[in-house]
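Student: Quick one: structure below, then a few questions.
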Amino acid sequence: MSDVASAAPLVGIIMGSRSDWETMRHAAETLANLGVPHETRVISAHRTPERLFDYAKGAAGRGLKVIIAGAGGAAHLPGMAASMTALPVLGVPVESHALKGMDSLLSIVQMPAGIPVGTLAIGRAGAVNAGLLAAAILATGDEALARRLAAWRAAQTESVPDSPA
Ligand code: RP5
């Protein structure tokens, strides 16, 4: 088992359905690439509300520092998680079949004042950026992680070609 897999998780990645994994795995892969210990769980605000309650209420006490929550459609998972923890919650709108993720985005982004959710882009871009943002939050208190994040960004810049051909 790698150090990242065996270390106590700092980021909890939760999603409303197993069907969200194709999107949310990009958050997990981003954190793994940066060496950030994380865990993944399927938790539905509507189908498993008690699982959500237990997870959100227990997250800080278990040592988690950030929660990434992805859901599609009537995407209440990020907001409900945020209502039950003081940890930063990052919301990823999963692209829905019916409305292409606009329903997910609007469900997640328009939180009432007082309960913040940091909302990312729809789909893979949002999941990748949620991973990067979670790492950036943790990096404010972790110099080694800050260096890994800076190296990741530098490698990305280096990989962009000068011309399209
Ligand atoms: C939401 O409903 C989930 O987050 C998922 O994006 C969507 C569809 O779920 P399934 O019907 O595929 O389980 O709660």
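Note that Cβ sites are derived from N, Cα and C of the backbone, with glycine treated the same way.
OK, TrEMBL features for this one:
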DOMAIN    9-160  domain 'PurE'
BINDING   S17, D20, R47  substrate binding site
Student: Inside 8 A of the center formed by the CB atoms of S17, D20, R47, which other residues of the chain have their CB, for the recorded substrate site?
Tutor: M15, G16, R18, S19, V42, S44, A71, G72
Student: Taking 10 A as the limit, how many CB atoms besides its own sit near the CB of D20 (substrate binding site)?
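Tutor: Within a 10 Å radius of the Cβ of D20 (substrate binding site) lie 25 other Cβ atoms.
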Student: Could you check what DSSP calls S17 (substrate binding site) once collapsed to helix, strand or coil?
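Tutor: Assignment for S17 (substrate binding site) reads coil.
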Student: What count of other C-beta atoms do you get within 10 angstroms of the C-beta of R47 (substrate binding site), across all chains shown?
Tutor: 11
Student: Are there any residues in the same chain, six or more apart in sequence, whose C-beta is under 8 angstroms from the C-beta of S17 (substrate binding site), and if so which?
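Tutor: Same-chain residues close to S17 (substrate binding site) (Cβ under 8 Å, separated by 6 or more) are V42, S44, A71, G72.
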Student: Looking at substrate and its recorded binding residues S17, D20, R47, figure out the farthest C-alpha pair and report it in angstrom, whole number.
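Tutor: Farthest-apart Cα atoms in S17, D20, R47 are separated by 14 Å.
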